[in-house]
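Copied from TrEMBL, the annotated features are:
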COMPBIAS  12-31  compositional bias 'Polar residues'
DOMAIN    17-336  domain 'Enoyl reductase (ER)'
REGION    9-31  region 'Disordered'
Amino acid sequence: MEALLCRKLGDPTTQPDSSENTALTVSTSHPIPKLTSPTSIRVRIKSTSLNYANYLQVLGKYQEKFALPFVPGSDYSGVVESIGPKVTKFKVGDPVCSFAGVGSFAQFIVAEEKDLFGVPDGCDLVAAGALPVAYGTSHVALVHRANLKSGQVLLVLGAAGGVGLAAVQIGKVCGAIVIAVARGNEKVEFLKSMGVDHVVDLSKGGVIESVKSFLKTKKLKGVDVVYDPVGGKLMKESMKLLNWGAQILVIGFASGEVPVIPANIALVKNWTIHGLYWGSYKMHHPSVLEDSLKELLSWLARGLITIYISHSYKLQEASLAFSDIKDRKVIGKVMITFDDPKSIASKL
C-alpha cells in the first residue's frame, strides 16, 4: 500500500524523497496491515487530518516518542474493508472514523472495533476525518473539564486554527459569549462569519484593550474560561482579563513558549487550571472520549457544528500540508485524502 514514512527525525516541510536525507519518504509498497484480533477491523482510509502534534511527531518534539521508521498520523475516516470473525457492530462498506497514536498517513489501518465510530448518514466522510482530535480536544476541554455554561464568557486564543475553531463552535453550541483571538483580516472575517461575539485582530493591537472594550459595552466583568493552544506572551496578557473563579484550559504551546501561571494569583483569584492531554484519555478514561465523539458526530449530523477544511492534499504533497501548519496559513483543518475529496460521501 501507499504510506508516508518518517525514516528519520527532521523537517516535515521538506518534500519527501527530494534527497536521501529527507525525514519523510513515500512508500508505494508498504505492507498492508493484517487483522490483529478477532475483533479487529481494517479500514481503507479516505482522509486523514494534519494536526500540529503530527508536525511535532516528525520533528521529534512531541511528548510521545516513536521508534523509527513510523507512519505518522492520528485521526482519520474511511470505509470498513475487512473484519475479524467476532466483529458485531460493523460490516464491510460501513463508513467510520477514529484516531490512532500513529499510522493514519497510509491507505489502510487496523483498529479494534471498540475504537471505531460509525459516521452518520448525511455527514461528509472527509470532514469526519477531521473531527476526532481537534473537535474531541475542544469538546472534552470545554464540556467535560470546564463544564462551560450558557452566558459565560469564553476567550479562545489561536481561534482560526484547528482546535481553536472547534472551540469557537462548541462554545456557541453551549451558549457561551465567545471572544476569538486571531491575526490578519482573512481569519478575522472568517471568524465573524462563524457568529463569534467579538474578534481580536492581533495585527492591529493587543488583546487586553480590545477585550476590555467589548466587555464594557456588554456590561460584563471579565472572562470565565480561557482556551489556550498558543501559550507565550498571549496567555500572559490574557490572564489580566480573567474573572475571579475563572478556568484556564492549557491545550498547547503553538508559540513555542510555555507560559508561567503564577500560583499566588491563581490562589487569590480562585482560578482552576486544567492541563489537557486529550490522547491520554484513551488509556486512563476511554469512556469520556467515546461519549464525546458520539455527541460530536450527532452535532455534525444535525448541523450544529461544521468542519471547515482549508486545504486537501495527496500523500505525495504532505510537505505542503506541513508547511501550511508551520506557517499558520490554515483556517480550520488541512487534510490528506486518498480519493477526490469532492466525491467522498458517507454513503458509499
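Each Cβ is built from the backbone N, Cα and C atoms, and glycine gets one as well.
Residues in the compositional bias 'Polar residues' (12-31) partition by DSSP class (helix H, G, I; strand E, B; coil) as 0 helix, 4 strand, 16 coil. Mean model confidence for the domain 'Enoyl reductase (ER)' (17-336) is a pLDDT of 94.
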